[in-house]
Amino acid sequence: MSRILDNEMMGDEELVERTLRPQYLREYIGQDKVKDQLQIFIEAAKMRDEALDHVLLFGPPGLGKTTMAFVIANELGVNLKQTSGPVIEKAGDLVAILNELEPGDVLFIDEIHRLPMSVEEVLYSAMEDFYIDIMIGAGEGSRSVHLELPPFTLIGATTRAGMLSNPLRARFGITGHMEYYAHADLTEIVERTADIFEMEITHEAASELALRSRGTPRIANRLLKRVRDFAQIMGNGVIDDIITDKALTMLDVDHEGLDYVDQKILRTMIEMYSGGPVGLGTLSVNIAEERETVEDMYEPYLIQKGFIMRTRSGRVATAKAYEHLGYEYSEK
């Protein structure tokens, strides 16, 4: 069974997110630094009648990178072609996509860090000079064909910016770091979602739900759906702070937004390794999770909330982790 706090997309959530997706920057809640910069770059590109410079959006899953790509296309008044790194298996796949673009269009590549190197190399000249050279045929009869491309904007999204090659990263003129959402912004998102789906929710309930949603809109919207079920069955249909606390407690989501896996990580560090330092590989084995899963899904939030510190020797549980789980902490 999937974690309810998993920030990767589940089931029918793609349809839900499309329904909730804002259309323009003025409707987009949060990520103010990224929005303010994009507003300037977009307006400048429109005034010059040029394609917007290529954009790299990076950050943990569920923070609105795909939504931002659609918003950028809407602000520019152009079409968006969407694909993902794992889907583009060979250079010919990329050429076919690029060939369909109209002047000024946006090409959005999700998980761009997963592009094969052979595909990435074709992308270099397309991004920099709007042309591609491809080989037609095989053996002695093969020949190089030069294709001019219309000016376009590539928007790449990644959860692992460190895995991008330097040549690819250098070709993005605009970068946007999507960060975990502030509590006030996430509360507003919960209230907006409830309004769109005609749910009755108090401000206190929206605030509590936002507090436990790990700074991630995708998780907040998922929890809202589950809390609505509790409100219908255990209450009068109104989502208030009492039913919200009861529902999230039953779902093993505590007041810091930690679930049983997060707590297992911290308890393992404290009980088995006296708080650390402990290596990521060792920790992963002890909690029966893949190293990459711990590093990408669990650790970022635990670090951001101050429960774990990274050191040269390994991960260390902080005094806050001890206090949160009811352990006595002593300085080493």
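Positions of Cβ are set from backbone N, Cα and C atoms, glycine also.
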Additional site residue, R218, R222, R226 [criterion: listed by Swiss-Prot with L20, R21, G62, K65, T66, T67, E128, D129, F130, R171, Y181 for ATP]: R218
For DNA: widest Cα to Cα gap among R291, R310, R312, R315 in Å: 17
Least surrounded among the binding-site residues, given as R291, R312, when other CB atoms within 10 Å are counted: R312
DSSP-assigned states of the region 'Small ATPAse domain (RuvB-S)' (182-252) in counts, ordered helix, strand, coil: 51 helix, 2 strand, 18 coil
Set of same-chain residues at least 6 away whose C-beta sits under 8 angstroms from R310 (DNA binding site): I303, V316
Distance in Å spanning the most remote Cα pair of L20, R21, G62, K65, T66, T67, E128, D129, F130, R171, Y181, R218, given for ATP: 37
